[in-house]
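Take a look at the structure below.
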Amino acid sequence: MAEVVAEVAEVAEMPTQMSPRVMEMSAPILGEKMELSTELTEMTPGEAVASSLFFQFMCSECGNLYNTLEEVLSHQEQHVPTVTEEEALTTQDTGLEPELVPGTEEGPFQCGECSQLILSPRELLAHQDAHLRESASQIQYQCGDCQELFPSPELWVAHRKAQHLSTAAAKPPVPPPLPPVTPPPPPPAPLEVKMEPYECPECSTLCTTPEEFLEHQGTHFDSLEKEEHNGLEEEEEDDEDDNEETEEEEEAAAEVGDDAKGGDKSAAGQAQGSGDGPPHCTSAGTRRRHRRASHGPASAAHPFYCSQCQRSFSSANRLLAHGRAHVGGTHECTTCSKVFKKAASLEQHLRLHRGEARYLCVDCGRGFGTELTLVAHRRAHTANPLHRCRCGKTFSNMTKFLYHRRTHAGKSGAPPSAAPPTVASAVASLAPAEPTPPPPAPPTPPAQLPCPQCPKSFASASRLSRHRRAVHGPPERRHRCGVCGKGFKKLVHVRNHLRTHTGERPFQCHACGKTFASLANLSRHQLTHTGVRPYQCLDCGKRFTQSSNLQQHRRLHLRPVAFARAPRLPITGLYNKSPYYCGTCGRWFRAMAGLRLHQRVHAQARTLTLQPPRSPPPAPPPPPEPQQTIMCTELGETIAIIETSQPLALADTLQLCQAALGASEASGLLQLDTAFM
């Protein structure tokens, strides 16, 4: 044993360490293995090797560690229960061993290594000795340099002396290798920035060249035109186009004729819609030739004809879009017989007949049935258009502005690219340069006609008059009654008015049986049955059934408020004594009729200012000088009348009277002579 310890001391001086696997395997413990890798890593190499050659034994009951097996066995006897005197007497009577007497044991013993149950402590000791021999035979020692395993520490020490101590003394210490020299990384390549200066305002797409930008804008232009065409097919637009106004007037006149003549047109329409109608044309050219040949030049504006509903269209695209409404279920308007593909489109169209204005203009208060017509109307209020061309034209749509600009710079809209230099151009460049003529002055824009009521200006008098009529003038009444000639703002108002001539009252109250000519009158009447007064005065709390009554009542409370027109929005409390305001001179009027009469005065004055100045009229002749009249009388009779511009003396007056008297006597004698003859 002393020799082994001496060899261990020599090995401790070697600069080697055992692997954690050897340290773990060199510590067999009774019942469990003790992991000493953490503790051994903190020791010196000599202490680690010395500790790896000793065994420790653990008590399976309390976990205490002991260096020898005898100490563990003597310690475990403390855990064995003691035998009482009664149990000893019972053991003597039976003649059995104490550990074998039933009832004297608290329970079987269990091996902490393999968890096997054993009846007696003696069998437990024998069983644990078997585990100890197995663990001792499995212990192997590993060389830290060559990773070779040895069953005993003696062989491991001999291997270390023979193989590694001699080679370590012969070889000089090798310095640690230097880290490899890595070449410096190349400088980063400059980033190529792709310039895309043209951004589409519709979808924010970036384009590199003007050609790509204009081609991309063309897609938005086509979609915009398609949407406008679809909107014109399914909806009645209330814009300021003269052609559409003429068509609506013709429709109103035709409907008036229907009511007056008793439906002659409907019978004619049925006859036209029968099988004798025009044949179905397969192409646009055939349809156009057929319309011109059959219906004359008057139908050239709408050459495309629908064979199912007898409607005509101005383009083939509109006819195709209309034809889709007849496929897969249709929705027909009972008022004007128009056909729609979707129920939502029909409901939107019916709002036009009912006179509903869901889209209001915040500038002038006018109402529109569709959002498309409101957007078209809002362009009239734009003071400065967004896009202005150098030729003087202005555009509110950027796409149309770009297409217009292409007319100035060729098809692509980009400046022409420079041609490659030639020999002639090189020779010409060597010659003395001639003075370049000054660039032509840009064309002057046409004179703008300002609006006298707002800061807008227009290029033509027709646009100015249209703007004043639509924005500043009174509401137009372009729909006329064919019976009495009364004008209305909407076609639905004409239809309601015609019922006053025919005596028709289609709307009946279910509560009292009264009939009314319009749905609005019926709705106001039904408030009398329900007792609901939805309009309340914010000052005194009084309620009214109609907004007009509340408006008249509010004039008693509020002072004048500066707004240009009576509000058409729901009740907000902004009313005053004189709600109608003249934007030209600032006067207020109680009624709209008074404001209209007053605005005619301004209109006449503006008409005189717009007319060219005329030549001054000729000066009137000077008035005649005042004359003095002198009457000469004798015996109550006037014998002479003297008129003079200057007063006469009395003597002169007497002489004139005597001369007149002598002349009168002579004439009297002459008359007597002629009488007697």
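Placement of Cβ uses the backbone N, Cα and C atoms for every residue, glycine included.
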Which is it, of 259-281, 535-557, that Swiss-Prot names as zinc finger?
535-557
Which range, 34-56, 57-79, does Swiss-Prot list as zinc finger?
57-79
For the zinc finger (304-326), what are the DSSP-based totals of helix, strand and coil residues?
11 helix, 4 strand, 8 coil
Answer yes if the zinc finger (449-472) and the zinc finger (359-381) have at least three CB pairs under 8 Å among residue pairs 6 or more apart in sequence, and no otherwise.
yes
